[in-house]
Amino acid sequence: MANVAKKVSWSGRDRDDDEDGRAGETTPLLNGTGPGAAGSGRQLTPSPFLRIGQLSNVDLNEDIHELETEVPRQRPNEIPHNEKLLSLKYESLDYDNSENQLFLEEERRINHAAFRTVEIKRWVICAMIGILTGLVACFIDIVVENLAGLKYRVVKDNIDKFTAKGGLSFSLLLWATLNASVVMVGSLIVAFIEPVAAGSGIPQIKCYLNGVKIPHVVRLKTLVIKVCGVILSVVGGLAVGKEGPMIHSGSVIAAGISQGRSTSLKRDFKIFEYFRRDTEKRDFVSAGAAAGVSAAFGAPVGGVLFSLEEGASFWNQFLTWRIFFASMISTFTLNSVLSVYHGNAWDLSSPGLINFGRFDSEKMGYTIQEIPIFIFMGVVGGILGALFNALNYWLTMFRIRYIHRPCLQVVEAMLVAAVTATVGFVMIYCSRDCQPIQGSSVAYPLQLFCADGEYNSMATAFFNTPEKSVVNLFHDPPGSYNPMTLGMFTLMYFFLACWTYGLTVSAGVFIPSLLIGAAWGRLFGISLSYLTKGSIWADPGKYALMGAAAQLGGIVRMTLSLTVIMMEATGNVTYGFPIMLVLMTAKIVGDYFVEGLYDMHIQLQSVPFLHWEAPVTSHSLTAREVMSTPVTCLRRIERVGTVVDILSDTSSNHNGFPVVESNSDTTQVAGLRGLILRSQLIVLLKHKVFVERANLNLVQRRLKLKDFRDAYPRFPPIQSIHVSQDERECMIDLSEFMNPSPYTVPQEASLPRVFKLFRALGLRHLVVVDNRNEVVGMVTRKDLARYRLGKEGLEELSLAQT
């Protein structure tokens, strides 16, 4: 039912020689092929024994390929998939600090001056995030501009040559071949090197900020592949934008800088060690996402609001100001570098990767009678957005089932690139919409069969990068486009963009959505102008802007941040109210039919994503009914052999263990004393923190918090830690390493109450106790995420080992 195979799933790896060398034992194929298939039936039903936190097999050391031999496995032609499943392969992040003795001692040692230093470091990191994100955006922009310019010049010269002497099919072949070959390289690096770099990366970052560990999502390798991939996708002429991936790129930069080291390059710069934990890393990643939006659209306030609305599940007031600072620095860096590059160093005229150009508010104001027209455009945008999402949903399901081999994914990307070029060429060839060149700002005017001094109007939409096409649709004077041209372009580009989103290439959906909306919005404006006999208020550029907002709002369902982004990108506050109206209407109408695009892709990947609130009809459920049982508990002073056996048990792979009082009477369940994590136990075993004999309370070496931070985030697997037979008989004292005050709930607590506590505090484990403070169960992310509101009311998802 839900084995999402290699490269389709975000975890990106389904190979038997996975980086941790474990021969794929956690991914049985559900049609009976592959190791472990026999036992997979048990994992598909929400049985009383639910696995508490399946250990993600990608956070482990990457140097231990020799641990297990490779097991050959057949690849099925079809992978059955059902979205009503929750994957056990996704782990949670530890957003709740473990307040053990080591942590409290360190915090008490830090005086006021040291806290000031830490705060200054946070600001320095935010500035560095802004600068680097801005520079990456500049690099993408300059390389795309030059490579795309070169491609279009070559094709234009070829078309001009063959128009005169016949044989235009050669020009079509050249254009399609150039596109397909460039996209092939872009798709190859994503499919074979880092599959998590596919798409815009916004759903993955949204999940990361929600508390889900998406493997490889904030790695340096992912950033390199993302940047190269997005350049090749845009240059290859696909219906994609380079703005969406900037959000992912900013997040990776933030995650890397805030840790002061690169685990991929195995370099530790010994700075920012205090921030080596999930809580701090999350805050910086949300700053990176905001800096990415800011660099893409020149919208620092929009970036902060995007991070708040779409990204961060956890927020505080101090964070807002730091994120705004990172966004401002990002925009300023991009602006400075691009202004120097364009030769007007003191001008600062390029605030974002896309600049919609200034809308003159004197000429293009709006009147009260236009408000119902804007609302109607919002309805159209919502319906078209819902249609786009529904088509993309079925296409993604088809891809998950059939196009799961990397080579097939590359072939599909090449096919889409060739088809895009062919459609563009045929549309330009068939179009007889000629406009005078004089006074127009067309970058690559194609004459084709037009008279001298004229250019083909369809070519301005297709024969250009999508960003430039959007600006042309906004600002070209009335009469620049034939209504037939706009109608055909909207129809074709709608299906091309829908087919392109979800390919194994790095690409965003922002710009294609804006382009589709701008085209039908301009068509709407021209129609109004005809109906009102050319009234001054029916300006096609204004309606192109509203159409663009409606279409993007209908697809991604953003409201607050998108309103501000559009206002900042156009440099005009006048349109704030109509844009807000259009976006609200588009969201309400779109939500009536289907979810937003990002939420839909999160759901398709079976990610245990926690929304803001528990399902409204879930008050009848209690903690007793949703918790996982039985729970593996450890005693405060435990035998080393017992700890090793529990951690090595692949059938459970728990990540959190309640610590109970060491009672000699085994019949009595002891009261809860604390909670210890798998990662902490692994560090203790690695450093051999054992008590020699049970009656002697002597520890060989006292661990510091630094030992745990040095192992973060890729803790070694238990298989790589050697424990001798003598050491197995030693005892290990967990008192100073466990969190002595874990959050607990009584078993009678209702699901919404448990959900609120878990979600608001960013927990990973919530211990359920009875009235004697004895552990009866554990609530994890999967236990809460599997309840959701369906068409027939509250439904429970099955858990699958995908």
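The backbone N, Cα and C atoms fix where each Cβ goes, glycine too.
Noted in TrEMBL for the protein shown:
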- 1-43: region 'Disordered' (REGION)
- 123-144: transmembrane segment (TRANSMEM)
- 172-193: transmembrane segment (TRANSMEM)
- 223-241: transmembrane segment (TRANSMEM)
- 284-307: transmembrane segment (TRANSMEM)
- 319-341: transmembrane segment (TRANSMEM)
- 371-395: transmembrane segment (TRANSMEM)
- 484-503: transmembrane segment (TRANSMEM)
- 509-531: transmembrane segment (TRANSMEM)
- 543-567: transmembrane segment (TRANSMEM)
- 573-594: transmembrane segment (TRANSMEM)
- 738-796: domain 'CBS' (DOMAIN)
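Using a cut-off of 8 Å between Cβ atoms, the transmembrane segment (319-341) and the transmembrane segment (123-144) share at least three residue pairs, counting only pairs 6 or more apart in sequence. The transmembrane segment (371-395) makes no contact with the transmembrane segment (284-307), as judged by fewer than three Cβ pairs under 8 Å among residues 6 or more apart in sequence. Between the transmembrane segment (484-503) and the listed ranges 223-241, 509-531, 543-567, the one holding the most Cβ pairs under 8 Å is 509-531. Contact check: the transmembrane segment (284-307) against the transmembrane segment (543-567) gives at least three Cβ pairs closer than 8 Å, residues 6 or more apart, which meets the contact criterion. Cβ atoms under 8 Å from those of the transmembrane segment (223-241) belong to residues 136, 139-140, 143-144, 147-148, 151, 175, 178-180, 182-183, 185-186, 189-190, 193-194, 197-198, 201, 248-249, 252-253, 256, 354, 413, 416-417, 420-421, 424, 465-467, 493, 496-497, 500-501, 503, 505-512, 514-515 of the same chain, restricted to positions at least 6 beyond its ends.
Averaged across the domain 'CBS' (738-796), pLDDT in this predicted model comes to 89. Residues in the domain 'CBS' (738-796) partition by DSSP class (helix H, G, I; strand E, B; coil) as 16 helix, 23 strand, 20 coil.
Sequence-distant neighbours of the transmembrane segment (123-144) (same chain, 6+ residues past either end, Cβ-Cβ under 8 Å): 223, 227, 230-231, 234-235, 242, 246, 249-250, 253-254, 257-258, 272, 275, 284, 287-288, 291-292, 294-296, 322-323, 325-334, 337-338, 341, 353, 465.
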